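Swiss-Prot lists Gly64, Glu65, Asn66, Gly67, Ala68, Gly69, Lys70, Ser71 with the feature ATP binding site, giving sequence analysis as the kind of evidence. Taken from Swiss-Prot, the feature compositional bias 'Polar residues' applies to 1-10. Summarising the annotation, Swiss-Prot assigns compositional bias 'Low complexity' to 11-21. The domain 'ABC transporter 1' annotation in Swiss-Prot covers 32-267, and the record cites sequence analysis as its basis. Among the features that Swiss-Prot reports, domain 'ABC transporter 2' is placed at 267-518, with the record citing sequence analysis. Residues or ranges marked as region 'Disordered' by Swiss-Prot: 1-23.
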Amino acid sequence: MTTQTMTAVSGNDGDTGADVDAGARKPGGPLLALDGITVTFPGVRALDAVSLSVRAGEVHGLMGENGAGKSTLLKVLSGVNQPQAGTLALNGTAQRFASTRAALEAGIAIIYQELHLVPELTVAENLMLGQLPSRLGVVDERTLAARALDALERLGEHIDPGIPVKYLSIGQRQMIEIGKALMRDARVIAFDEPTSSLSARETTQLFRIIRALRAEGRAIIYVTHRMEEVYELCDRVTVFRDGRRIDTFDSVTDLDRDRLIGCMVGRSIEDVYGYRPRTAGDVLIEAKGLAGPGLSEPVSFTARRGEIVGFFGLVGAGRSELMKLLYGAARPSAGHVELNGKRVAFGSPRDAVRAGLALCPEDRKQEGIVAIASVADNLNISARRHFSPARMLLDARRERELAQRYIERLAIKTRDGDTPIGALSGGNQQKVVLARWLAERIDVFLMDEPTRGIDVGARAEIYNLFYELAEAGRTVILVSSDLAEVIGVSDRIIVMKEGRIAGEVAKAQATPDALIKLALPR
């Protein structure tokens, strides 16, 4: 890779590429062209005669539900899957990749959601993996370090190239993956849900790099579930459904959100949220002057039986911290919680669950599931205490029956209860977490960002579960950063900012402007 190319990517002072306005760019012709690509597996047509072009100098978004065909398309581009029909062309030249190495050598790189780095190797070794500089058959450590350091500096990353990758943050590891692609001078770079584990600062840095890559004339494919990212970053967007390309929108500037959702799921946005009004009952949970970590002022609120109460706010507003105080995962410094009019004090989450209150945490993969365990084991983690009075022996038969009952009831897409939960989609993992608490006869469900990273179709199923819970007289507290979601699903919305409650908005008055005005700092 040339120094000029790496300089343009850095986004540092003097770089004119990082902040190029979309209107000032002039994307070239198709750098990548797919025509009639078909991929079949036993009993499944994963891609059905898909045609797609990606231009030089554009960010092309790919959207669709899980199973729509996006991942299979990336595997075709990377040489993992070979199509049974159709053609792939780079710069007008037909290509057929028998391996990932062949795709890389042709100039196509994929940055997967699960990063493909070797944790025990150094940053420099990962950057140059497969093309380590050598002298007389021995790795030239000095040249290796110099090239790696140059690449990191020009990417704007100040990382010691000699440290093992396992010590880096997710955002830093992602930059190493991008660096690997640039070291091979990839002209087509595909990103698969790249912000799913990034902080706001890391996301901003990633977007700056992607804009710089676009300004250099590279073709960027951007797979995401997050509509706000499509509107912020992409030039065009293509929607997949059931293995087919449904539509390509040549401009996202005036693209109607409802139309985009309709293309993805085959139904209207009203059907996605499917709001079902209810009559609320008596107060089920009440916080009175609750104070503690993450809160700047004492917090008081009520939630009734049959209600879905939304909590909206910006990052750092204190919503997740409040949920942990309610759940017994953090100790309040003042105030208390009442359930059914009775004062309760939880010394631990276990106490909260016994009292009928449960939390589905924001970080589902780290705090909500045991990824290496089976669906059945994850579902039964809490219910096991009911199976054996002595709590010494597990009732395997009852566990299997319980797991199968909730797999069927919640339409969890899995082969069986023995399937590792890590193999399931995000939406189905969330259903397992919900099923765990349904088995515990929970009355108050604290749902912290429950649909983050979940496709639109799976969201509709989860919303339907919320409505069923509320109609059964339970209470759902929905913490969400998605304006459309919190407005579409909630009966009323409490807005937090800077560790305190800023106001409450009724369903009839809930608009994006009303919520944002309350949520913004002074």
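The first residue you see is number 1, and the count goes up from there.
Each residue, glycine too, has its Cβ placed from N, Cα and C.
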DSSP state at Gly69 (ATP binding site), helix/strand/coil: coil
Binding-site residues: Gly69, Lys70, Ser71 - member with fewest neighbouring CB atoms within 10 Å: Ser71
Secondary structure of Gly64 (ATP binding site) (DSSP, helix/strand/coil): coil
Proximal but sequence-remote residues of the same chain as Gly67 (ATP binding site) (Cβ under 8 Å, at least 6 apart): Asp242, Ser425
Other CB atoms within 10 A, centred on Glu65 (ATP binding site): 24
Averaged pLDDT, computed only over the residues in the domain 'ABC transporter 1' (32-267): 88
